[in-house]
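The feature domain 'Neurotransmitter-gated ion-channel ligand-binding' is assigned by TrEMBL to 39-228. Annotation source TrEMBL lists signal peptide at 1-22. According to TrEMBL, the transmembrane segment annotation covers 240-259, 266-285, 297-318, 361-380.
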Amino acid sequence: MLFILGNAAIFISCFIPTTLHAGSVPEIYKRFNLTISSENYNPSFRPDFGNPEKPAVITLDILLRDVVNLDIDKQEIGLQMTLHQEWKDPRLGYTAPEGVQLPVNLRIPSDGKHFSIWVPDTVIKNELHRTHGTVSLSERLSVTTKCIMLLEYYPTDQHQCHIDMGSYGWSALNIDYKWAQINPIKTRAGVANPIQDFRLESYDSVTCSRGTGSEKYPCLRAIFTFQRESSATWRLVTHIYLPNFLFVAVAGLALFLRCSEVRTRLALAATTLLGTVLVGSLAMSSIPRGARLVYDWLSASNIFTGVALIWMLICAVWQGRDDPQIAPEAEHQFLVEGVADGGPEKVVPRSKIPVTGYIKAWLPGVIYFVAFAIFCFVNWSHTYNLL
């Protein structure tokens, strides 16, 4: 196996010898050059060309070296990996003359674009851009592919990015791809370290062939699953959820104040509304686009504090009607009650106010907190998969 860095090279395994003869290497290279330069060998044709019953079988495996970038805005992922391919080409088989031992591998130099033997036209199908006859080809690649990321469940979102590999122009009649049976995908130490709030959770190897019959095109897919780190959840709680929760709660508590406390109620309602709007504006720069549940939370916080302010304005207008003057020392003993038929108002001792009067006074606050609790339960259940 050779990792290609700049130039490319191919190893050919003829068969494993028991010993190596000092003069055998030049002899084998000479025989090999005669083979590939003869009329019987054409590097443009695959092994067993013309036999649709026996397509060339390419065995793949991947070594993931590093996750370079995971761009949420561009929906892209950048990887550094080594792609190893192996196939059999009977035309390169060789029988050693008596007394001559063969080396295990022959190294065939190449410039990375032109090869003296046939090689499969394997490509990364979803790539955006990138810098005895058994043949082994390894290439070190820097690959950038499209990765669709659904951010609805931010900050507990999980994303699957994949790399599709297959032939550029050959159908299944001429070439077939299979994953290596043992460890088709391997990773270097440190690849699982977090990058941009994500860690590599798992990976899998599947097939992604398309078409049927003679129009079937073989394809192999490597799937990488990334999970967002829990640190993003704590930032969201401390910077957005907690401040907004306190603002909404203060606005709700202000609903339990008496309507006569007009200035206090309006000051609390206006302050909490400005607070939720400010928190939402600052959060826009740190929350990725598509985080629908978080945006719903921010919008709902503004709505709840806005409704509280509107209700307090209604109370202020209602309180502005002419009320009888009550001595301050007697204020704790009386309530002003309007007569339903529009008649004159009367002063009723607080001790004689029915229980339903207190319920009506607290009802807006109770409804406010019940509605807010239901919204929080639904929103957080979806965000953190509690249901």
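Cβ atoms are placed via backbone N, Cα and C, with glycine included.
Given the structure is predicted, the values throughout are model-derived calculations rather than measurements.
Long-range contacts of the transmembrane segment (297-318) within its own chain (CB-CB distance under 8 A, at least 6 residues past either end) are made by residues 240-241, 244, 247-248, 251-252, 254-255, 259, 262, 265-266, 269-270, 272-273, 275-277, 279-280, 283, 364, 368, 371-372, 375, 379. Taken as a whole, the domain 'Neurotransmitter-gated ion-channel ligand-binding' (39-228) shows an average pLDDT of 83 in this prediction.
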